[in-house]
């Protein structure tokens, strides 16, 4: 019916390939764990975008989204390859189509849509720039209300 090492592998424990020397299980001990945590491969230069989860949508100007992704990861951000409303904090794009703009406005400020220059200027100045200066909206009324939302409160004394 089945061959010994069929398409699904060995049929029982005794038919498995022998372990290489030095990898025998130690009796009475917990399995060994690696002593170092594997790195993500991106050295962190700063924490400018710490806590930001960016999604690159469409055109990102003169710098490709591949290099933008590398840059923001080097400065503490995480990047989503899919637009997930529960995880993404910023959408980076030159413009958005109508349905994405509508969804963005329905999010009521939970997701910020910024121009790619926000990333470049933040890295150049060494400090995260205010998002409202780089906001992308097709509806001017919504843009102005969002802009006033992000402005620091004025104190009267």
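Each residue, glycine too, has its Cβ placed from N, Cα and C.
Curation does not apply to TrEMBL; its annotations are automatic.
Noted in TrEMBL for the protein shown:
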- 1-12: compositional bias 'Polar residues' (COMPBIAS)
- 1-43: region 'Disordered' (REGION)
- 13-25: compositional bias 'Basic and acidic residues' (COMPBIAS)
- 44-136: domain 'BRCT' (DOMAIN)
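If you average pLDDT over the domain 'BRCT' (44-136) in this model, you get 84. With DSSP states grouped into helix (H, G, I), strand (E, B) and coil, the domain 'BRCT' (44-136) comes out at 33 helix, 14 strand, 46 coil.
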